[in-house]
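First the structure, in the form of structure tokens, and then the observations on it.
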Amino acid sequence: MSTQLRAAEISDIIESRIEKFGIKAEERTEGTILNIKDGIVRVYGLRDVMFGEMVEFPENTYGLAFNLERDSVGAVVMGPYEHLEEGMTARCTGRILEVPVGEALLGRVVDGLGKPIDGKGPIDTSETSPIEKVAPGVITRKSVDTSLPTGLKSIDAMVPIGRGQRELIIGDRQTGKTAIAIDTIINQKHTGVKCIYVAIGQKQSSVAAVVRKLEEHGAMEHTIVVNASASEAAALQYLAPYAGCTMGEYFRDRGQDALIVYDDLTKQAWAYRQISLLLRRPPGREAYPGDIFYLHSRLLERAAHVNEAYVKEFTKGKVTGKTGSLTALPIIETQAGDVSAFIPTNVISITDGQIYLDVNLFNAGIRPAINAGLSVSRVGGAAQTKIIKKLIGGLRIALAQYRELEAFSQFASDLDEATRKQLEHGQRVMEILKQPQYQPLSVGEMAIIWYVVNNNYLDQVELKKVVDFERSLLSFLRDQHQDLLDEINKNPNYSEKIIEKIKAVVEEFVKTQSY
């Protein structure tokens, strides 16, 4: 005999089935592609889209909403767009662009969206972070007070860089801008500073050469390389610096120190100009859009030295008593030494100083070709290593006087003894400032070299033998007095006791060694 269900039971069964029925309703605004040209997609609809929101196209392709007009949206496609056609559907995602962050990225080469391109497999990280963030406020910042040694004598002596500073490297093409940045990254091997190198609009071969050099010198272990090469879409060249900055902020916000190199921001400005003109935004000076200053200011303001309270709040109390820093070394390429052009003046006004590389010095064999007269560090002086600060004394003034005398001596036939000595001393200082690439020096080595310069030991050395003298001195120190170098590196403060030790070692070298 079959059992019949009562009406109440039927209604209970239906109710329980409805409750168990799992369906997620997802509301998305859709639009239709009107046209595609040069990586710019115009979409009809998408009434709820936000500026900078990711827009989804068919075949897992994404774009960024840039122009919000009355009936349509102008979006820039991130990557290939040949498969997109008019009439296809575009959807809002409700998300802004995020990139992977974390320790797992160290030692890897990624593209402008954080995807690995070095053939070493996927990156083992689940953490992501938005590429656009608000820079830390004034209250959460700390003044720059800790040195970031570059290992280059001329920079650490005359234009010192501190952790959390923004120091511009500016000069014509082929004057050694990238070389300074790479040497600085190599020098962070034993400092614990994590490095991010962002290559924008460069040849693939140039980036490969940089990666190879970093690997040769054991610097790739603490470095992330972000590459948006010249062959990639303008959108990726525009986004790469922000992606690299987000990766650096991961370390800064957790009480660590990071260094980021943007090589170079001129190419990013070109990419943004291209996007803006294709979106038919009104052009301004040099055809750049009106918000080109904001492009770089919002990026470089994110480099900062943040205080303990900021780190503690960000990590929810997991990290206490530590400050974090992100130091930026943006690079700008000038045309025929014109530092008064639009982009160079913009970035000079945003940064905390600049290192100006002179093509004439470079061609004269003075490398790194730093023009001490035009280079300045506005906040790094407070962070300079104490012993170096004391030993260099009036180096800048001495060099300025030497250049003045050098110009004068070309017209004067006979010079008095004092002028001749000053000229000869200046020539020796210029020789000492020369430094081969990929050979950064420690604080201890630099301190002893500046002691030698300051106390006129070089005046007894022939001009053509100054480089040999320095090479022999460094070799002597590393072989026989490594303990003194270690002592200075560990505690780089000036004291009479340490100066006595340096004097004894230098006297021993001068008496016993040949060069």
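The chain as shown is numbered from 1 upward.
Quick reminder: no glycine exception, Cβ is built from N, Cα and C everywhere.
Over in Swiss-Prot, the protein carries these features:
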BINDING   Gly171, Asp172, Arg173, Gln174, Thr175, Gly176, Lys177, Thr178  ATP binding site
SITE      Ser375  site 'Required for activity'
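All features noted in Swiss-Prot, drawn onto the structure.
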residue: Gly171; record: ATP binding site; CB count, 10 Å: 27
residue: Asp172; record: ATP binding site; CB count, 10 Å: 17
residue: Arg173; record: ATP binding site; CB count, 10 Å: 11
residue: Gln174; record: ATP binding site; CB count, 10 Å: 12
residue: Thr175; record: ATP binding site; CB count, 10 Å: 26
residue: Gly176; record: ATP binding site; CB count, 10 Å: 20
residue: Lys177; record: ATP binding site; CB count, 10 Å: 25
residue: Thr178; record: ATP binding site; CB count, 10 Å: 20
residue: Ser375; record: site 'Required for activity'; CB count, 10 Å: 22
Spatial separation of Ser375 (site 'Required for activity') from Lys177 (ATP binding site) - C-alpha basis, Å:
13
Sort Asp172 (ATP binding site) into helix, strand or coil using the DSSP assignment.
coil
With an 8 Å cut-off on Cβ distance to the Gly171, Asp172, Arg173, Gln174, Thr175, Gly176, Lys177, Thr178 Cβ center, who else from the chain surrounds the ATP site?
Glu333, Leu357, Val359, Phe362
Of the binding-site residues listed as Arg173, Gln174, Thr175, Thr178, the one whose CA lies nearest the CA of Ser375 (site 'Required for activity'):
Thr175
